[in-house]
Structure formats: structure tokens, C-alpha cells
Amino acid sequence: KIAVERDPVKTSFEKWAQPGHFSRTLAKGPSTTTWIWNLHADAHDFDSHTNDLEDISRKVFSAHFGQLAIIFIWLSGMYFHGARFSNYEAWLSDPTHVKPSAQVVWPIVGQEILNGDVGGGFQGIQITSGFFQIWRASGITSELQLYSTAIGGLIFAALMLFAGWFHYHKAAPKLTWFQDVESMLNHHLAGLLGLGSLSWAGHQVHVSLPINQLLDAGVDAKEIPLPHEFILNRDLMTQLYPSFAKGLTPFFTLNWSEYSDFSTFRGGLNPVTGGLWLTDTVHHHLAIAVLFLIAGHMYRTNWGIGHSLKEILEAHKGPFTGEGHKGLYEIFTTSWHAQLALNLAMLGSLTIIVAHHMYSMPPYPYLATDYGTQLSLFTHHMWIGGFLVVGAAAHAAIFMVRDYDPTTQYNNLLDRVLRHRDAIISHLNWACIFLGFHSFGLYIHNDTMSALGRPQDMFSDTAIQLQPVFAQWVQNTHAVAPFSTAPNAAASTSLTWGGIDLVAVGGKVALLPIPLGTADFLVHHIHAFTIHVTVLILLKGVLFARSSRLIPDKANLGFRFPCDGPGRGGTCQVSAWDHVFLGLFWMYNAISVVIFHFSWKMQSDVWGSVSDQKIVTHITGGNFAQSSITINGWLRDFLWAQASQVIQSYGSSLSAYGLLFLGAHFVWAFSLMFLFSGRGYWQELIESIVWAHNKLKVAPAIQPRALSIVQGRAE
């Protein structure tokens with residue numbers, strides 16, 4: 001049942017025109033520049049405007065429509081650029097030679113400093129967003145279609161803006177509607193994910209498939225029938241996919257295999273485009289739709305059948321976990337920060353998984369051979385995933401400070417985790433120290449042996465081997481699947497698993513089996529180290545958000561506070577907000593190593609050119625396995641070898657990028673200065689470590705203290 005309140009809030013432009021109207025203090029106007037910072041910090045901090053959960057919920061709900069409007073405007077802009085300022089049609093006719101560009105540059109700049117010639121008689125910057133590839137996969141064959149989609153995007157943006165206004169000012173949902181989780185799950189699963197996937201599968205079958213099949217066969221884009229002709233004229237489809245002549249009969253008579261001409265289970269890549277078989281992705285979206293349509297009927301609403309989340313959570317207790325998940329239902333239905341933290345953690349993890357699938361199972365035509373785009377998409381999804389995971393910790397900490405009520409949480413999992421937080425943090429701290437010293441130690445050993453001229457004593461594939469045997473086993477299991485556990489598949493899910501297959505498009509490697517060795521084993525442990533440190537900082541921020549031995553009354557000071565007064569030395573930068581700040585810094589560290597690993601590994605072992613005799617020449621000549629096993633190798637053969645091209649680019653067609661590269665490093669270094677001033681954070685970490693020493697009765701008589709701001713200042 002949808003419960004709404006009519007006309008709850010007046011629409012008033014006079015009110016909106018007043019800066020800071022949402023806060024009594026800010027509405028008075030500026031006295032210092034702090035007013036400007038607080039205006040930005042609190043405009044969307046709805047918790048600070050009111051304590052009324054219903055009103056907060058409505059504001060969040062309404063703001064989501066605003067967010068969607070911005071996304072539609074942005075997307076519309078992308079499509080408009082494709083229509084108005086791009087060489088899309090030229091690229092479509094020759095995707096292996098023409099480089100994608102949708103960003104016109106003023107003649108004053110000149111093409112000679114921007115990638116040289118992008119092809120198709122076009123002046124502009126080469127783009128690496130993958131939009132051209134996604135447009136081809138969805139069946140867009142002309143710039144006119146891009147114009148139409150761009151206009152459609154603006155119409156949807158207007159609709160979203162209207163919905164945001166309507167659902168706050170005209171018909172605002174009641175709190176009970178926001179808290180009806182079963183109904184929400186049903187509708188989101190069946191509606192958004194189920195019907196969303198189904199409609200996309202429908203579009204792929206009726207529009208993308210026929211158009212892509214003709215494009216793959218070399219038919220000129222201008223000769224291909226328009227999308228609506230494929231939808232309305234069954235004879236056109238029958239020429240490409242004979243099963244269309246039979247209509248729905250095979251579906252209702254359960255002879256589904258009749259449809260295997262457009263819904264397949266092949267595995268591997270299309271040798272023409274280097275992308276996944278579109279008939280495989282059709283099958284995938286259809287299957288996903290079925291799963292989510294079923295999932296959207298699992299939760300109990302008006303009819304007394306199905307799951308109740310409260311019951312599930314309260315039944316979830318093991319022999320060692322006290323009250324288990326009791327009380328969590330109340331948390332998730334009254335604290336949107338807790339809900340958001342959970343969702344960000346899951347979506348962040350998922351986004352990182354997407355990053356790894358984009359290169360190992362490239363979903364769009366000609367994506368795999370566009371190396372710049374592959375690198376950009378991997379970097380993009382890793383970063384977005386990192387931001388979301390850190391955001392999860394941020395909102396978990398805000399939940400702890402603002403929404404957590406210790407009196408209602410007794411002996412459930414959350415309470416138990418908080419009560420043994422010292423054990424958790426000190427163990428995690430130990431794990432970080434162990435991982436850091438050992439993984440770095442392996443590299444230092446190799447550098448030393450290399451310097452002493454003792455290659456036979458190094459950890460490498462040719463001396464002391466540290467093979468990633470579990471990873472190799474997983475790879476092999478998947479590589480042999482097509483002839484054993486997946487008898488109907490023509491190839492394994494990804495060429496990277498192994499085997500002898502190589503897909504090359506236009507003389508460039510799309511994908512081939514990726515070998516893993518000692519070098520990967522070493523850098524993998526650096527990944528483990530950086531990820532654990534990030535988790536340590538973020539988790540410590542959450543578990544000590546309300547109190548710590550250093551500041552027992554942290555909950556009263558709020559989520560962010562500069563220092564706990566002049567009388568308490570070493571309490572600066574110890575708020576939950578500061579932990580997010582430091583966690584973000586380590587997230588950058590972690591992702592840098594991941595992107596270094598990816599770039600070098602792909603250039604060394606995957607990307608390159610293929611001769612007519614099927615001989616592969618990799619970009620950096622397969623030097624990863626022997627060079628990346630020392631710190632010196634990383635510095636010399638990756639960082640310097642790759643950066644020197646940029647540093648020496650001023651006289652080449654890449655000079656504009658060289659200048660941007662220089663500027664970006666200046667911005668980075670300038671912001672890093674401010675980051676390195678953290679002090680109080682360490683004192684709290686020390687408290688946990690002291691606790692561990694006390695536990696084992698090996699505590700020193702002299703208490704350790706972190707340096708204060710003054711002591712730690714570099715004079």
C-alpha cells in the first residue's frame with residue numbers, strides 16, 4: 001500500500017534563494033569564511049537540518065531523482081558529442097584503423113600535439129571511454145540515432161527533475177513506505193533488475209543482433225535496415241535467424257534449442273570483433289531476467305507467503321555468536337547511513353569485479369584491441385570501486401556516531417564486535433606488519449641478490465620458484481571446462497584461463513592466455529598488504545567512532561572534529577572523518593599498485609602485434625616475469641621506461657598530454673603535503689597495540705605516546 005502525504009512542503013523560490021536556509025546558524029549570513037565551508041558541507045547533510053526521520057527520508061528520496069536527472073543530462077551530453085563532434089560513422093566503417101574521437105579541439109591548438117592523426121579526416125582528441133564500442137554493440141549505425149537518444153536523455157532528465165519536486169512538495173511518501181523492505185526488494189529485484197534485463201535482452205535480440213551480424217559481415221552501415229524495420233518485418237529477421245519463422249511455437253512446446261541461432265552458449269570471443277559473442281550476451285541477459293523475476297517474488301507482502309527479513313535476521317544465530325543478527329533489522333530500517341554503508345560495500349566490491357571482467361571478457365566489439373580504452377576502463381572501475389568501499393566505511397562511522405543506540409544492542413553481533421574491537425584491530429595490525437615486511441622483504445632479497453650478481457639465489461621463474469599454484473589450478477580448471485564440466489560450450493568463459501587460443505583483430509592481439517608466475521605471486525602479496533592496511537584504517541575508524549581510550553567521549557564530539565581542545569595534546573586528526581581521509585590515502589596506494597601491475601602485465605604478456613605467421617610481438621617484449629621481481633626493475637623497466645615517453649613528449653604529437661601529466665603531478669604533490677600531517681590517529685592505534693601487549697603480559701613500564709603536533713613538526 002502506498003501511503004503519501006499531500007502538499008507537505010510549500011514550493012518557495014524566495015526561501016531557496018536565501019543561502020543557508022536549511023540551517024538556523026548559516027541563515028544569519030557570513031561572519032568568517034568558515035560560513036562558506038559549512039554551506040558546502042551541510043547543504044546535503046540532511047541529518048543536520050532536522051531530526052525527523054520521515055522528512056530526512058523524503059529529502060534523500062527526492063535528491064535521488066535530482067541525481068538521476070544529472071546522470072541523464074551527462075549521458076545526453078555524451079550522446080550529443082557522439083552525434084555532433086565525433087568521427088563515429090568513420091570509425092564504424094573502419095574500426096581497426098580509425099581512432100575514436102568525440103572531442104573537437106580549437107584549431108589554435110592543432111592536431112599535431114594531440115595524438116597526431118585520429119583518422120576519418122577528423123580533428124580532435126582520441127577518446128578512451130569505450131562509448132563507440134558500446135554504441136556499436138547496441139546497434140547504433142548513424143549520428144542521427146545518437147541525436148535522437150541525446151534528446152531522449154534530456155526528456156528523461158526533465159521527468160526526473162519533475163519527479164524529485166513532485167515527491168517532496170506534492171505527494172511525499174510516508175515513513176512506513178520507506179521502511180517496507182519486503183515490498184522494496186520485490187519491486188527492485190523484479191522490476192529494475194528483472195524487467196530491466198528482459199527489456200535489454202529484447203533490444204539485443206531484435207535490434208543489436210541483426211545490425212551487428214551485418215556489420216561483422218562487412219555491410220556498409222548506411223545500407224543496413226533501420227532498427228524499426230527489424231522489429232516490424234519478420235522476414236528480414238528470418239533471413240539472418242531462421243528460427244524467427246517459427247515464432248513462439250518452440251517456446252510453448254519447450255523446444256527451446258530451436259532458438260540456438262540467436263541465443264547461444266559458445267564461450268570465447270568473436271574472431272571478427274574481439275568481443276564476446278553477442279548471442280552469448282543475449283542468453284546471459286535473458287537468464288539474469290528469469291533469475292531476478294523469480295527473486296522478486298520471494299518476499300512476504302500482502303499475501304502471507306514468502307520471506308520476512310526480520311525473521312531471517314533474528315533466526316540467524318550460531319552457537320558462538322550470542323543474539324546473532326537480532327536488532328539489525330531495526331538498524332537498517334531506521335538508519336539510512338547503515339543501509340548505505342552496506343550497499344556501498346557490496347557495490348564497491350562488484351565494481352572492482354567488473355574492472356576485472358572488462359579485459360578478461362571484453363563485452364563490446366573492437367574493445368579488446370583498443371588498448372588505451374582497456375586501460376582507462378580498468379582504471380576507472382578500480383577507482384570507482386575504491387571510492388565506494390571507502391564510502392562504506394565513512395557511512396558506517398557516521399551510523400556509529402549519529403544513529404547507533406548502545407542500549408538497544410545487547411550481545412548481538414554488532415555489540416560483540418565492538419566489545420572485542422581491540423583484539424580485532426591488534427590482530428589486523430599484526431597481519432599488516434607481517435604482510436608488509438614479508439612481501440616487501442621478498443623484493444629486497446631479490447634486489448640484493450641481483451646487486452651481488454647471484455641470479456641463481458633470486459625468487460624467480462628461473463631460480464627459486466614461488467609459483468602461484470592455487471591460482472594456476474583455478475585457471476586450469478576453467479581452461480579445461482569446455483570438454484569436461486561444460487560439454488556444450490565451444491570455448492572457456494575467458495581466453496585468459498589458458499589453452500592455445502589467440503584472438504587477433506586487425507593484426508593486434510585482442511586476448512590470449514595469461515600466464516601467472518613468481519612475479520605475479522610477489523606483487524599479489526603487495527596487493528594483500530595494501531588492501532589490509534586500508535581495511536585496518538577504515539575498520540579502526542568505524543570501531544572507535546564513538547569512543548577510544550584516548551577520547552572516551554568521542555560520540556559527543558561528532559563525526560568530524562579538529563582536536564579535543566588545547567588541554568589534550570595529540571588528539572588532532574583522530575575523528576572518524578580523519579580515518580576516512582587516511583583510508584582514502586591508502587586506497588590510492590592500493591589502487592596504484594593494482595594499476596601498475598595491470599598496465600605492465602598486459603603490455604608485457606598480452607597486448608602486441610601479430611604477424612601473418614601468427615608470431616606475437618608484445619609491447620614491452622614479455623619483460624614482466626624477469627623485471628618486476630625487483631624494486632629496481634619496477635623503477636627502471638616500468639616507471640622510468642613508461643614515464644620517459646611522457647616526459648620527452650614535448651616535441652611529439654603527445655605534448656599536450658605531457659603538460660597535463662606534469663600539472664597533475666603538481667596538484668598531487670601539493671595535496672600530499674596536507675595529508676602527511678596526521679598525528680592523533682597514531683595514538684589510538686598505539687592504544688590497541690598496548691592492549692595486546694598487556695594481554696600477553698609483555699607491556700613496557702613506560703607508556704608509548706605518539707608525537708604531538710608541535711613535537712612532530714618538521715621545523
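Each position is counted from 1, following the chain as shown.
A Cβ is built for glycine as well, from the same backbone N, Cα and C atoms used for every other residue.
As written in Swiss-Prot, here are the features:
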- 60-83: transmembrane segment (TRANSMEM)
- 146-169: transmembrane segment (TRANSMEM)
- 185-209: transmembrane segment (TRANSMEM)
- 281-299: transmembrane segment (TRANSMEM)
- 336-359: transmembrane segment (TRANSMEM)
- 375-401: transmembrane segment (TRANSMEM)
- 423-445: transmembrane segment (TRANSMEM)
- 521-539: transmembrane segment (TRANSMEM)
- Cys563, Cys572: [4Fe-4S] cluster binding site (BINDING)
- 579-600: transmembrane segment (TRANSMEM)
- 654-676: transmembrane segment (TRANSMEM)
- His665: chlorophyll a' binding site (BINDING)
- Met673, Tyr681: chlorophyll a binding site (BINDING)
- Trp682: phylloquinone binding site (BINDING)
Candidate ranges 185-209, 281-299, 375-401, 521-539, 579-600 - greatest C-beta contact count to the transmembrane segment (654-676) (under 8 angstroms): 579-600
Where Cys572 ([4Fe-4S] cluster binding site) falls in three-state DSSP terms: coil
Stretch of maximal Cβ-Cβ contact with the transmembrane segment (60-83) [cut-off: under 8 Å; candidates 146-169, 185-209, 281-299, 336-359, 521-539]: 146-169
DSSP state at Met673 (chlorophyll a binding site), helix/strand/coil: helix
Contact set, same chain, for the transmembrane segment (336-359): CB under 8 Å, 6 or more residues outside the stretch: 56-57, 60, 367-368, 374, 377-378, 380-382, 384-389, 391-396, 398-399, 402-403, 511, 598, 602
Range from 185-209, 521-539, 579-600 with the greatest count of C-beta pairs under 8 A to the transmembrane segment (375-401): 579-600
Collapsed DSSP category at Cys563 ([4Fe-4S] cluster binding site): coil
For the transmembrane segment (521-539), distant same-chain residues with Cβ under 8 A (at least six beyond the ends): 389-390, 393, 424-425, 428-429, 431-432, 435-436, 438-440, 442-443, 459, 466-468, 471, 579-580, 582-583, 586-587, 589-590, 593-594, 597, 628-629
Number of other Cβ atoms within 10 Å of the Cβ of Cys563 ([4Fe-4S] cluster binding site) across all protein chains: 18
Cys572 ([4Fe-4S] cluster binding site), number of other Cβ atoms within 10 Å: 20
